[in-house]
């Protein structure tokens with residue numbers, strides 16, 4: 001899933017060099033990925049059966065969309081394929097997250113739920129390593145899509161038997177009316193802002209490095225570094241700071257990621273890009289895992305619904321990000337203003353999280369029927 005969803009980032013410099021996209025249209029192409037992710041999140045939130053089937057379908061759809069991207073330079077076709085990759089990525093992430101969190105909670109090892117989030121980080125790092133090889137060999141964007149899709153297909157085939165044949169959820173968890181507590185509303189705001197804040201540097205990191213190091217393989221090192229930092233961030237969540245409440249760990253991680261995004265603009269040269277890559281990447285999957293864990297703490301009996309709702313907010317933030325980048329390039333000729341807004345959004349998310357105290361969960365919840373009922 002990580003390879004399928006995030007392979008667009010190392011592909012953008014090649015696509016820009018081939019003039020198949022402009023910097024503005026690249027933002028729109030990325031937006032199609034996030035529109036698909038949003039649609040997939042909304043669909044998964046309403047899902048009541050065939051969880052395992054949709055998990056497998058999402059994974060294979062993401063792989064297929066990546067492979068098929070090698071066979072067209074048409075912008076519309078690429079946009080449709082990015083939509084499919086986003087849709088499949090949302091199904092895979094939401095369903096595997098809900099399944100593993102339930103299994104690990106039953107085994108009384110909820111802390112290990114963070115481990116599943118190293119998967120997308122490993123996918124990002126692997127696409128970065130492959131991008132380094134492709135850059136060295138002067139490969140085309142079509143060859144890049146073929147390599148990313150082919151490797152993802154190979155991994156999927158090797159691991160297909162590890163996927164569950166059935167995912168059973170309790171009747172209470174599936175059919176109970178959903179409870180919108182104040183704490184969950186604040187967490188949704190936080191996670192939506194987190195999606196907006198990280199997506200700009202994550203989408204355009206390879207292009208920013210390519211501008212700083214033109215015609216150099218050094219530029220290709222930043223994307224695998226982002227993936228490695230993402231894995232390290234998740235491992236830190238597992239092994240460090242376990243005595244701190246989830247809320248405080250999430251607040252601190254959001255602040256660090258905000259500093260990372262701001263450093264890309266505020267610190268000149270290579271130093272700013274390295275700091276930005278490490279802090280933004282390090283916070284990416286850690287924030288995702290901590291937000292999901294906090295959601296489970298708020299509504300422990302409705303994991304799938306909470307994961308779906310939070311992912312919908314995250315996808316909305318991701319969708320807005322590239323639109324802001326396109327406007328920034330159009331109005332100012334630079335991504336810097338958009339990156340500044342992204343950093344501010346992450347700081348606001350940190351403030352909201354810091355004030356989202358557990359006491360808020362004791363306030364009367366507003367009962368509403370789950371969408372689709």
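Every residue, even glycine, has its Cβ placed from backbone N, Cα and C.
Caution: TrEMBL annotation is automatic and unverified by curators.
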Original post:
Pick from 168-187, 248-267: which stretch is listed in TrEMBL under transmembrane segment?
Top reply: 248-267
Original post:
Cβ under 8 Å to the transmembrane segment (331-355), counting only same-chain residues 6 or more beyond its ends: which ones?
Top reply: 186-187, 189-191, 193-194, 196-201, 204, 208, 247-248, 250-251, 254-255, 257-259, 261-262, 264-265, 317, 321, 324-325
**OP:** Would you mind giving the whole-number mean pLDDT across the domain 'Major facilitator superfamily (MFS) profile' (183-373)?
**Re:** 85
Subject >> Proximity of the transmembrane segment (304-325) to the transmembrane segment (79-100), 3+ C-beta pairs under 8 angstroms >> reply: yes
Original post:
Which sequence positions outside the transmembrane segment (112-133), separated from its termini by at least 6 residues, show Cβ-Cβ distances below 8 Å to it?
Top reply: 1-7, 9-10, 93, 96-97, 100-101, 104-105, 144, 147-148, 151-152, 206, 217, 220-228, 230-231, 233-235, 237-238, 284-286, 288-289, 292-293
Subject >> Recorded stretches the transmembrane segment (145-163) and the transmembrane segment (57-73) touching, at least 3 CB pairs under 8 Å >> reply: yes
